[in-house]
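Please read the structure below before turning to the comments.
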């Protein structure tokens, strides 16, 4: 396959960026999208040009490092991560636009690499159960209904990639935040900190400069792990309940 | 013994920390004899933790909970992305919830036997004891393990054992356990007890007056190289499977932290012990950057076969039943397709070497579900393996319900690592290694679902107790400042190395060298090894190294975000570590676990251990790049589990 | 609590949801009242008169109407201010846009902001037209039937009303569903019903409101 790539190049956070055009040849349909970029980078390196920077690590769709907007869609046309997207999803001769996640809370580090530390700070603000090592009761002390455990798991599947923010017309992090709120909220172990968790995490999410939710639903469409839009609804419910129970200044 | 002259033999090594007495009491005894640091004094101590996977994340969180000031590093942009996240199957624990005869002693026994009698009994027994606490801790953190309708935890069986002791969260157990540790760590970051440096990679270890006192690390965003001093250093940087280039490891998993520590005096134990997982998706071409694992559970219902005739290029459907060779069922009628990982891997290699492999390049065997679908129906197969089938189809564009899967073994885990004593301390006082980074508890072969168990046991329970003891014995306020000459020297050395890499200005990328060394290792130090091949590799590696320093091309500078430089710097270390792996494999003229020496096999082609000559852990001391290392043997005694030869026929 | 709510994007959105639902409820009643025009000037004008005497003798003349008006003003202001603030925030949250744009959400979703602005402008026009009569030449206070018929004699005024009511339909279609989600009422099983209700509300309101100008234009109401 022969392709034309238009890739966002930006030297650092402060520098202006722009799309640069590259032609690549000899791409096989079995390659992953990232392997296609590897091919380009190998050529650029040998030619003495700086290769395109992009985040990636596990390349099996679970670490959440890869973060490419391909032809205007977070992770590209398939519902998976960019590392699991294969070139057979494109046609010979295609022109493909590759851009970084776009959000004020995700500043560009270089080229296609963005800083997602804001997500970590949201988790730090309350996305945990306070249980120091050694203080845990016997695992079977509290049975958890299977439905609750399954629901917790479905939300816990979030890989923290940020595609929800990238796809949202408002750059909102509601789906990410709600996934963690609902994961822990579904379990009895998460109940004692239920109210403070949701209030603090939403407050941190706002403080990071993410946009608000308008229920456009693009986050859930882009989510490679299929976290549903109802996750946001459930968090809203949780938040309203908490705001009534916990008066704060 | 081999006459190979590129190493010398030094004094034997012994673990002096494990107490005597009955094995069940040793961990209690050790915890009691360990000195404690007054809680009020703990915040005066700084502990560096490198890595945020299951071992590092749990260790950092726990040390911080105890009151220590923890400074933690990861090369990823977030601690949540450490490669523990990719573990699929589950985590073992001797809970005996099934009442199926499991016990701590049985888990201990299975692990020592599964490791082919090359692990340390005291450590393995402690691991089995702690396994039950891990499950309690993780459940309390909100890890959503699979449950039954009664609300209790579900378990499943895994290879090599006869009880059901594996706890799991669908096919994403590693992810869920890692997120648990990450959340505990996040809580401590928020509390100000952990200072996290993400996108920061360790380049070297600071050893001052014989003690580990910190690290030199590079901020991968700004390129700035700084020294971080501390009272103890913990390496939780994972294994070194990426030496092989193609593996199931993450692209950026690397050996730099442990290799740099080795260069500074930490002995490296059993580097040749690597685990090759039999069920991975085969490579499709030269562009391939990594290999993807398919859960071992597939072998429960899939039948493995290749054509009987060499070079048979007909599609699977076109090969009649009588021209197929279900070789595992033929050679190992008792265990059939469910033989242990090392045996299944080697058998696949053998049939492919005979020219009977399938798929592009002939590097694959069929894993066929046609019988299972005919017997159970497509629905039942889908319920059991649907997500795996989907994953396979996404990668290969072949529908495994219609066409048999193609699988091939791939490098998956490294049992070797930094030598540690019972306290998980390396041969450098104050330097600890946990998780896959140490040579640990798995001997020559790791059982499925044991890696998660070991990482969390080390991080949550073992290390925090033993670090306490070390710090209590080194209470001084003598933390060296950044101006200390030894700090400045290591810092300058690290900067110089990167500067040199950028300065070569050659014509080959780091990836191309990585690929070259990886292919060499796979050929000569992979699933089967022999003296001739290993010697060939040992001759070739120094040549590649020399060529690397002549022809490497690193665009950009060291003072900026530079992924090419990161890669090149990691390849530098692979080029040295590969040599030690081959040397270790050459010197160990026996077959055991994942290490198969063709010279040492039984008449029917199975691995033959030689306990009289090799019942020891080989700990290697670094003497200089390309110069003969020193071998220190730690003799292994088996008082509770008596070595036997494995048989699966 | 009030500060928690107004200080959070989730809380502010809840304010929008509640104020939106208040206005929606008013609109349903309003539309219902409007349709009385098809029963002739007597029914319609006496209905208008009844609105002013509602609650008597407990309330004075027109007090109920004023209470409703004040409530509506509070809802409109809260809705508008929250929308303005949230929109500004949303725009700031993506300072550099995508080069390759691809919209996937529905038209109703994408037009909420401009639709809201159109509706705000329309409300002003509507009040000047049929409440105060400021912009209507033949306006006679106290004769609503006459005024409505007069207002819709101008084709361009009909056009304004019809366009605004189509905008209203779109706004309600996404707004009702969104408000339900914001207040936590949605779930995987309930969402189909909520979507259906939103569509029905949008359709009925638009049709009901448009019926009046269309009635005048076609001579059904004269």
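One is the number of the first residue shown, and numbering goes on along the chain from there.
Cβ coordinates come from backbone N, Cα and C, glycine included.
Note that TrEMBL annotation is computational and uncurated.
Since this is a predicted model, take the numbers as computed values, not measurements.
Feature annotations, reproduced from TrEMBL:
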DOMAIN    A:1-102  domain '2Fe-2S ferredoxin-type'
DOMAIN    A:149-179  domain '4Fe-4S ferredoxin-type'
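Using a Cβ-Cβ cut-off under 8 Å and counting only residues 6 or more beyond its ends in the same chain, the domain '4Fe-4S ferredoxin-type' (A:149-179) has close neighbours at 61-67, 69, 73-75, 81, 101-106, 114, 116, 118-119, 122, 186-187, 201-202, 205, 208, 210-214, 216, 218-229, 231-232, 234-235. Per-residue pLDDT, averaged across the domain '4Fe-4S ferredoxin-type' (A:149-179), gives 97. Remark: secondary structure over the domain '4Fe-4S ferredoxin-type' (A:149-179) totals 19 helix, 1 strand, 11 coil, with classes taken from DSSP. Per DSSP, the secondary structure of the domain '2Fe-2S ferredoxin-type' (A:1-102) breaks down as 20 helix, 29 strand, 53 coil.
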